[in-house]
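Note sheet for the following structure.
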Amino acid sequence: MLILGVESSCDETAAAVVEDGKKILSDVIASQVAVHSPYGGVVPELASRKHVEAILPVIAQALEEARVGAEDLDAIAVTQGPGLVGALLVGIGAAKAMAYALGKPLIPVSHLEGHMHAAFLGQTSPRESFVCLVVSGGHTALYRVDPDGKNHFLGATRDDAAGEAFDKVAKLLGLGYPGGIEIDRLAVKGNPHAIAFPKAFMEKDSLEFSFSGLKTAVANFVRHHGLPAGENESPSYRIEDLVASFQETVVDVLVTKTVRAANLTGTKDVAVVGGVAANSRLRQRLTGAAFEHQLNLHLPPLRLCTDNAVMIAAAGFTVWKRSGFCLDPLELDAVSRWHV
Ligand code: KG4
Ligand code: ZN
């Protein structure tokens, strides 16, 4: 079954053709990083406008690279939510129009379910139920996912998502946007144990997260010790140590809770997906923890951690297999909040 996936929930316009939820025939992403970077974060109206410019060329390129014509597709899967409504509507509008004009089924996909499907697109895939940590700029939540793709919520952040904490700390330190990758790069040269930051909800059995206190702790640290490149010419710390310590605190919590979720649910397979799953230290620590606790760890390739349309096409295949759920193209609307 050939599915065209379309994704436009935030700041990437993406389209991909995937066969039977597994075989990637094309994977096209038009990033808006350069557009939002001067503002230090995503500007929703600018995002919508850029999606309008990019959506048709991106879809055309995805079909061309896959060497398929639009009429060869079996279905079109599109991110329905959650995300920025104006941004979502661009992808939805294009997918709806194509489905209607071609007489093809339209499959609505949750962005989160899309991220979870990246777990099946790495070097190894879960075969049984697995614990999935979705950790991105918008979400930090644990689920148990069944082989048919159905998921069960286990716990989530009460405030900031982990990626949001990365981005806010990076902004505070003047490291640019998106901040996660910058912190990752800089932290490699730092001492992760240089500064002790607070970790929330570490008590037994909690599967909740909180990162806003950590962000405040970093802001307080900087207030007391000076900004790395601010008026204070020689701060009493190395920026590399600061970001490495911040990152280690986030990673500690994410690894602990993922292992805990596996233990509490008696699950041997775990996957970590979403933009922050691209973090090198997180991947390293997860690999160590999986070895120590004898867990089968599934990590998507880096490109499929951050937003892409391959995961939407793959999830679309599962949604269709599970429920045959397709919409009349004229019925579909964007959903800004969506609890999977
Ligand atoms: O999944 P994604 O592309 O979009 C959302 O659905 O939110 O995730 C983007 C988030 C951003 O917060 C970004 O800073 C973070 O993922 N991120 C990283 C890394 N690469 C992206 N965070 C830490 N380390 C990275 N290497
Ligand atoms: Zn995402």
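Cβ atoms here come from the backbone N, Cα and C positions, even for glycine.
Unlike curated entries, TrEMBL annotations are predicted automatically.
Feature annotation from TrEMBL assigns Fe cation binding site to His111, His115, Asp307. The substrate binding site annotation in TrEMBL covers Val134, Val135, Ser136, Gly137, Gly138, Asp167, Gly180, Asp184, Asn279. Marked as domain 'Gcp-like' by TrEMBL: 23-313.
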Measuring CA to CA, name the entry from the binding-site residues His111, His115, Asp307 that ends up nearest Gly180 (substrate binding site).
Asp307
Cβ within 8 Å of the Fe cation site's Cβ centroid: which residues qualify beyond His111, His115, Asp307?
Glu7, Ser9, Cys10, Thr79, Leu112, Gly114, Ser136, Gly274, Asn308, Met311, Ile312
Listed binding-site residues are Val134, Ser136, Gly138, Asn279; which of them have CA atoms within 10 A of the CA of Asp307 (Fe cation binding site)?
Ser136
If one looks at the chain holding His115 (Fe cation binding site), which residues at least 6 apart in sequence have a CB under 8 angstroms from its CB?
Val134, Ser136, His139, Val273, Gly274, Met311
Fewest other Cβ atoms within 10 Å: which of the binding-site residues His111, Gly138 wins that one? Let me know.
Gly138
Let me know the DSSP-derived helix, strand or coil state of Gly138 (substrate binding site), please.
coil
Work out the three-state DSSP category of Gly180 (substrate binding site).
helix
For the substrate binding residues given in the record (Val134, Val135, Ser136, Gly137, Gly138, Asp167, Gly180, Asp184, Asn279), what is the largest pairwise C-alpha separation in angstrom?
18
